[in-house]
């Protein structure tokens, strides 16, 4: 058996090709059934995300990566010549190491991102549900999850914000001790604000107000995160309630001005307000930063935080890579020891079968009245010849082919050079 990974990802393939070989839930079910029933594949897991499609499998002896690549191309009706330039292949320890790097976020578009581990776990769960995993692959994925946990525990690779939305929420958490006690006003209802709302919700934010030009779009966020919805003209009325204001609209002019904030601060009795403006052009007048108790951060401020955090993640990645190298080597040691156990068991079974076969013939000879000494001598001769037959042939072949190292190994194995 051999461990194998074949796949494409965001660095090797275009979005168009990644879409063509992605596995929808319906396709995944069919694909896992095909893998399970294949004569060439012992066990397999399919990982399919927007950034990668990968097949992790244990293939039977003599099966090459070409078999799995051909299967992938045929399954998705993609020409092999279209697929091949974007395919990468990892075997044995390289396959183990690749899976661990993927799960730890070391191979992600955003270095250290944690979402990929959940996607790997789901891919494994789907394969188990379809009885497509067993043996080495099952052990590999279980070990992989332990390694990912170790990397998250022993390094800070996922602890620094590297997206604008996440950086905005991280900033809010740093300034306000508990988001569960803070009111957040989100201005806008686009994709970035939706991500901000999700991060805030994950951080325990309980009071959320969404202000948007159209209420319909904002209502979707409100239902998802139990938020209050207001229109843009209603912002001055609700601004004094907000401790944190995060804004991202496509407005050509500022929505929140210095005077509006000044009035809100008076009504709040100058309790601090955090303004995070991630819009371009800006939604919040720059003069707001001149006010006492108003703290304004722009998208440029966040970008400098993100750039710093990316560098920090790169430093943490060095330690993470070392952990992955160590753990992948340990897993291969386990595989080799397992292979040795299987070989020893098979050798013992074969030897025992020889012994029983010859013993039965000898017992029959004794029962028929043959000379016991002659029967025992014949038994010992035949048993010796059968046991030395395979190593004798191997030594003859090695000598004939000039394979000195192989001959030395055989001699050591059978105790001639001990």
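Yeah, the Cβs are placed from backbone N, Cα and C, and that goes for glycine too.
Counting only residues at least six positions away in the same chain, the Cβ atoms of 18, 22 sit under 8 Å from the Cβ of residue 50 (active site, nucleophile). Annotation source Swiss-Prot lists active site, nucleophile at 50.
Positions annotated as substrate binding site by Swiss-Prot: 49, 50, 51, 52, 108, 113, 114, 115, 119. Look at residue 114 (substrate binding site): DSSP puts it in coil.
Per Swiss-Prot, the feature NADP(+) binding site maps to 188, 189, 190, 191, 192, 193. All protein chains included, residue 190 (NADP(+) binding site) registers 15 other Cβ atoms within 10 Å of its own Cβ.
When secondary structure is read from DSSP and collapsed to three states, residue 98 (site 'Important for activity') falls in the helix class. Taking Cβ-Cβ distances under 8 Å and a sequence gap of 6 or more within the same chain, the neighbours of residue 98 (site 'Important for activity') are 5, 90, 107. Summarising the annotation, Swiss-Prot assigns site 'Important for activity' to 98 and lists sequence analysis as the type of evidence.
Using the Cβ center of 49, 50, 51, 52, 108, 113, 114, 115, 119 for substrate, the list of other same-chain residues with Cβ within 8 Å runs, in sequence order, 109, 116.
The distance from the Cα of residue 193 (NADP(+) binding site) to the Cα of residue 114 (substrate binding site) comes to 20 Å. Residue 114 (substrate binding site): 15 other CB atoms within 10 A of its CB, across all protein chains. Note on proximity: among 188, 189, 192, the binding-site residues of the record, the Cα nearest residue 51 (substrate binding site) is that of 192.
Same-chain residues with CB within 8 A of the center of the 188, 189, 190, 191, 192, 193 CB atoms, the NADP(+) site residues themselves not counted, are 186, 194, 195, 196, 248, 249. Calculated from their C-alpha atoms, the gap between residue 188 (NADP(+) binding site) and residue 119 (substrate binding site) amounts to 29 Å.
Look at the Cβ of each of the binding-site residues 119, 192 and count the other Cβ atoms within 10 Å; the largest number goes with 192.
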